[in-house]
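Student: Pasting in a structure now, in structure tokens, and then I'll have a few things to ask.
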Amino acid sequence: MTAMNTQKADEKVQGKVAAMRKAARAPQDGPGSQGTRSRLLALIVPVGLVVLLACLPLLNISIPGVLPGATYTPGTLHMLALAMVMAGVALSYHLLFGVAGLLSFGHALYFGLGAYGLGIVMEKLELGLVPAALVVIVAGLVMSTILGAVSLQVTGIPFAMVTLAFAQAGFVLVRKNPGGLTGGEEGMRLPTDYVPDWLVGVADTRNLYWVALAALVLAFVIVTWVQRSRAGHVAEAVRENELRVQVLGMRPFLVKLAIFVSASVIAAGMGMVHLLLNSGAVPHTMSAEFTISLLLMVVLGGVGSRWGAVAGAFVYVILSQRLAVLAQSSAIDDLPAVLAIPLSEPMFILGTIFILVVMFLPGGLAALGLRVRALFSRRARAELDEGTRTPGELVQEDGQQP
Amino acid sequence: MSEVILLAVTGAGLGAIYFLVASGLSLIYGLMGVLNFAHGVFLSLGAFLGLEVAQRLGASSWTGFAVSLLVGALAGAVFAALTERVLVQKLYNRHIEQVLVTVGLGLAAVALFDGIWGTDPRFPRGPAWLDETSTIGGANIPNIVFVAIIAAAAVLAAIVLFLKHTRYGMIIRAGVENRSMVTALGIDVRNAFTLVFTIGGAAAGIGGVLASHHFGYVSPMLGQTLLIFAFIVTVIGGLGSLIGAAVASVLVALLQQFANFYLWGTGDFAVVVLLALVLLTRPSGLMGRKA
């Protein structure tokens, strides 16, 4: 009896000491390193989420108003797969904008390169899906290295303009339909002869859904790895103070180029999945609006947060699809024109939400999550007090004002 | 020979329209460091309202045309002033957020125009003389080109006179040069910001009405399409330099016209190549200050 009691008391004391140690350590350590339990939790939550997402096509779950139908139906799976593809591209944009502070307006170029490139390579070189994908990845590497090297001659706003100009050249090229390759305004159809049967057709939406999920997980892993690599850390340092990094003897240009190229290649990869998912490519995937929608997702989710980028993409895709359905409903039609016209334009609503988030919710959805948690936990409140970062703080400004 | 003259004069006309958009962009960037993604929608709004007014007053009359220009300028100016006061100014000194807000406004406004005027292009009619051509050196040049060139020259002259000879012009010029110094002297630059937006919006509105006649259509995307060339023009000319924007507008438009005609429709690519060349050799643009 007594032995057990002392043992219990010992455990209690040890527990207390551990808790005190933890409490003493917590303020110094950043979030994410609060002991093994939370580290385990940080692993379990994403893995559980992926498993859940992977099981969705086999389940019958309906969320009225959010999903167009039960989770096993092709319509819902297609929408979710699209959201996952967009989340993957948004993650690559996070690498550019959130990590390296590079505000690009031409990221769509590489996404479009993936989509169009894969189709063209399969059809013209008569290659199978996998070899064609490798060719496109190499093409994306080469192109982003060259264009990135030119664009990175300037920083800040001029960089945004230059990337925009390059993407616009691609957009014009695709719409001109050179040599009948891209199908012009109409877009290009997926050459199904070179794609495995299990990836073609509405009945196989489930398989495409899993491909999209795998691509998203892969993108997340690569982005995490790049961000935590030496280059990622230097890129963050360059974002804060380029001159200091230079003084330390490192080459900011090369680091920024490395981030630019990896983000572009991931975007090209997601573009290829998009081609398969939509059985074709349209010029819109290369347009400035597409890049702007990526920017929207990242800012909506919270700049600088990987989960924010993913959440922002899901919210964006689901909102834009559901708002489009809402726009055609009779409830909207019956309203007076003053209300009916704005409400029937999904982009109007999304644009307005975006403006409101930028003005009143710095840190986006990620900060909103933190705010909700702050109501219950002191730690989250402390994190919030440190200040959620605004996009501007994450971007290297021109330094035109001393 | 007549071919070259035709391309040169129509190129100058296109350059005039680019300049009307780029002048505001360049001034706004120069003073505030804001890349205004909503500048194109000022243009579109000017074009649409100009079109509506001209239709009410009789599209083929000169009065209708003159009033549509005036309405376009006013619409652009008011929209721009409101944008600055309601959205941009609230994010004082947060440049990236200011840019993001204009991005959002651009999206929302284009969608709203879609809802009001429809996505299909609309075709403005003007006085019959605008559609006719005049002959210069054997080339038949549409008269609208001359109107565009004259309007752009007038706007350029007006802005230069305003900047050189008024108190506010002086504040703006000083602000472009060194904003913190102007603020330190106790001058409130915020009114100057609003003014710059208003002037830029008015120029874009005039540009919108002229562009609708020049291209023969108006659509909600017209402004955003022209905006991209205006961006290129501003970078090539040197950010913040008005004269640079004027020179680069004509240069870019001429290159585009000639490349489209002689190099198998590659005008847009030639422009991007020019941009890349300028950036590699002179990152601050033709007339920009050294960074």
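Yeah, the Cβs are placed from backbone N, Cα and C, and that goes for glycine too.
Unlike curated entries, TrEMBL annotations are predicted automatically.
As listed in TrEMBL for this protein:
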type	residues	note
TRANSMEM	A:40-63	transmembrane segment
TRANSMEM	A:75-95	transmembrane segment
TRANSMEM	A:102-122	transmembrane segment
TRANSMEM	A:128-150	transmembrane segment
TRANSMEM	A:157-174	transmembrane segment
TRANSMEM	A:208-226	transmembrane segment
TRANSMEM	A:253-275	transmembrane segment
TRANSMEM	A:281-300	transmembrane segment
TRANSMEM	A:307-327	transmembrane segment
TRANSMEM	A:347-370	transmembrane segment
Student: Cβ pairs under 8 Å only, please: of the recorded stretches A:40-63, A:102-122, A:157-174, A:281-300, A:307-327, which one is richest in them relative to the transmembrane segment (A:208-226)?
Tutor: A:40-63
Student: Tell me whether the transmembrane segment (A:307-327) sits in contact with the transmembrane segment (A:253-275), defined here as at least 3 Cβ pairs under 8 Å among residues 6 or more apart in sequence.
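Tutor: When sequence-distant Cβ pairs are counted, the transmembrane segment (A:253-275) does not touch the transmembrane segment (A:307-327), since fewer than 3 lie under 8 Å.
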Student: Which residues, given as numbers and ranges, are at least 6 beyond the ends of the transmembrane segment (A:102-122) yet have a Cβ under 8 Å from it?
Tutor: 89, 92-93, 96, 128-129, 132-133, 135-136, 139-140, 143-144, 147, 151, 156-157, 159-168, 170-171, 174, 181-182, 188-191, 194-195, 256, 259-260, 263-265, 267-272, 274-275, 280-281, 283, 285-288, 290-292, 294-295, 395-396
Student: I need to check the long-range neighbours of the transmembrane segment (A:281-300): which residues 6 or more away from its ends have a CB within less than 8 Å of a CB in the stretch?
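Tutor: Counting only partners 6 or more residues beyond its ends, the transmembrane segment (A:281-300) has Cβ contacts under 8 Å with 86-87, 89-90, 93-94, 97-98, 104-109, 111-112, 115-116, 119, 164, 167-168, 170-171, 174-175, 182, 184-188, 271, 274-275, 308-309, 312-313, 315-316, 350, 353-354, 357-358, 364-365, 391.
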